[in-house]
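Inspection log for the structure reproduced underneath, given as structure tokens.
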Amino acid sequence: MKMGEVKYVSVPPADARKDTLEMAVLATAALDDLGPTSSPPLATATKVDQFVVVDEPDDDGGITVTWERGEVQPSAYRDKWFAISFLVHLLVVLGAGMAFGPAWWNSLRTVYALSDVQELVDENLIALNGYVYDVTGLFERHPTGPAGIEAFLHDDASRLFPRIHPAALPSYCVNHAKFENNDELQHKKTVCSALTEEDLKNGLPCHDFLAGINATAKYMGEFEKGVQAHDEEQLINSAFTFWVSIHDRVYNVTDYINNIRNEQTKQIEKDHPLAYLEQKLNSLIINNLNKDATELFVSLFPDDKLLGCMDELFYVGIIDTRFDVVKEDSNDVDTEEYSVDNFEDDDGGNRYERPSSEDGIYAQEAPPMEFWFAVISIALVSAPALSFVALTVMSRNAILLIKVSLWFSVALCALSSVLLLFVIPGAGFFYGVITVCLICYVKAVKKRIPYAACNLKCAITILRANLGLGFIALGSMMGLLGYFFSWFLAFAGTMQLDAMTESASATSSSSEDSSGLSAAGGIVAFLFILSFYWTHQVMKNVVRVTVSGVVGTWWFSPAEAASFCSDAVRHSLIRSTTSSFGSICFGSLIVAILQMLRDALHNAKNNRNPSILKCIAMCILHYIESLVEYFNKWAYVYVGLYGYGFVDAGRRVIGLLKTRGWQTIIADNLVGRLLGIMSLTIGILTGVLTLFAAFLVEEFEAKEGMQTWLAAGFIVGFFVGLILSGVFMGLVLSAADAVIVCYAEAPNELQEFHPAIAEEMSKTWAEAWGDLSGPVVVGLGGGLGVV
């Protein structure tokens, strides 16, 4: 029914008239915000939004009951504070993201390969001892001016900055016995050993006053842009003859290893006089050359403080995991090839021979851009197209598809039972019991399938007549993604503030700060998580309420709901985001709090000390959340149809269930099961189409070892299809729920404006539950309806 429209219903005269009038007066007087009533036939009550007038008896002895829609229910205004709170919290999240997000974002280290440094000619980048610096701000401050820097732009300048001298290392880093009576270790001056003779002839300076990582960071830290990254193939073919990786950090130990090799035999001697590192660390390096030594390092050392020593001496960057598609772990390389005794040169001596890059540690390559363009484009086009095809198929074969969805559930459960019997017999037996219960359920709801199919076809008819709802749903999803991005920036930026954590000193320069949330940090984190759940619920329910409003307009005034962007679509969206927005925020907040508590209990259950009480509490809370969310979806139908506040809408839902006895219809959930299976099917089909598109990219197809990326293409297509089809199927489900309520409250209007649908719905209803005879008074938008 549109706003301002007046509807007249004649009440039967004679005996039925007296009973109807008494019921009307009692029902009217029971409403909280209605005026006083008088005895029949002058029972008049008026509301801001909807009013009921019982007029003088007409000529045939009957009376006329009139109701009208106005603007906004008073109860909806009572919910406005929730809308204000929601909008204020969004502004706070946005403000926090703008204030603290950039600082957090800039604090993240960007990963650069040396090739990136060389190719980014628009930036003044230099690689230096594993870090990448933007030296634009250093041009004017450098003692020799820009000329002293420009020669090393887009290159590695590490040879100009020496490492720290071993004698300057902390005592726990070194083997003190090696320093005794060893003048080379005790008095050796820090030099840039990597400088070549040509460099010295050209007068390149050695920045010995900036020896070591920490000293360099103090001078260059403000210009730091990111970290230098190396993949396995680059390391094998690089100038690093010897390297070790620990916690994805790469250490160039070439000079150290060469210094402890026997000059005659070329063998590595772990007891060499220059093997100055702590004994276990020294052995770890020697026995894990050109391999990842993280597992052994963790088993040998209780903390990471020795990594600080490794950083000062050998750090050159990190393992590049941006395209982490390693075919086989680096530990699978033959360890004998790097053993201490396996260094034999062509003259019979011992030397180290680097493995070929064709050994294929990084055998797979990232696919070209054509691959991703094809996958994403096909997914974005095919998913909506398949969804529209699915709507047509469901509209023409609703009964058959509902039956298939039911038996599909039975077959899936039976298959799970058979498979689990061979693995976990108890679980297999449990699924067998569920299968039997599902079979009984299918037989019990067999007569109700035609009515559910009729509701589904009616909902699809409404949606296809008002396709603008699809754009509203997609816009809501995009808005939620935008909010998530802002929320993430705000959360990450805010939680890095000093007030949010309890500070604790780091164990070394390489270890991460160990800190926990302060009291203020815990409260802020709680509010951020609540904001996330609340906003997700609000965005979802705005769409639901909008759909309900469109269904109501189509039901009572079909001419206004018969185009792509009809008046019904526009007006319903406006009401959902203005007068009814507070009611939406109110109900969404309740569900959000329950979801957050459930997840908190779930996390507590998964800790090291799970409790049976926690499990029971989580289970109870889960069912409460499901009931509340289930109840809310019907309350939002009333909010969308009649503009109620959330509490009053809940009362009308309870009254509807008591009056009509529709618990059985609602509990069937036949339509929801079918829509879920259709959405899953569309996701699979979309994934298949994107997989086919990947084969059409010739450059990609020609390469070997691309099965992983083909699978990734299918997964991307599957999830895009699942999400987009879920948007459209969600619209259908919301419309079907609104149809149930409208038919419960005003079946005569359906008969008047949509006789074919009304006839089928009446017939299927009678087949499922029998005909309802006699007048029944139900609350129609707060007014009175006699059906």
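Just so you know, glycine gets a Cβ as well, placed from its N, Cα and C.
Those TrEMBL annotations? Automatic predictions, nothing curated.
When TrEMBL is compared with the stretches 293-321, 467-495, the one noted as transmembrane segment is 467-495. Residue counts of the domain 'Cytochrome b5 heme-binding' (112-178) by helix, strand and coil are 26 helix, 12 strand, 29 coil (DSSP-based). Within its own chain, the transmembrane segment (541-557) is flanked in space by residues 1-2, 5, 7, 459, 462, 465-466, 469, 472-473, 476, 566-569, 571-573, 575-577, 580-581, 584, 587-588, 632-633, 636-642, 730-731, 734-735, 737-739, 741-742, 746, 749-750, 753, which lie at least six positions past its ends and keep a Cβ under 8 Å from the stretch. Using the rule of three or more Cβ pairs under 8 Å, pairs at least 6 apart in sequence, the transmembrane segment (81-105) is in contact with the transmembrane segment (467-495).
Long-range neighbours of the transmembrane segment (400-423) within the same chain, counting only residues 6 or more positions beyond its ends whose Cβ lies under 8 Å from a Cβ of the stretch, are 393-394, 429, 431-432, 434-435, 438-439, 441-442, 445, 449, 452-453, 456, 670-671, 673-674, 677-678. Non-local neighbours of the transmembrane segment (467-495) in the same chain are 90, 93-97, 99-105, 384, 501, 521, 524-525, 528, 531-532, 535-536, 539-540, 542-543, 546-547, 550, 564-566, 569-570, 573, 723-724, 727-728, 730-731; each lies 6+ residues outside the stretch with a CB under 8 Å from one of its CB atoms. Confidence in the domain 'Cytochrome b5 heme-binding' (112-178), given as mean pLDDT, stands at 81.
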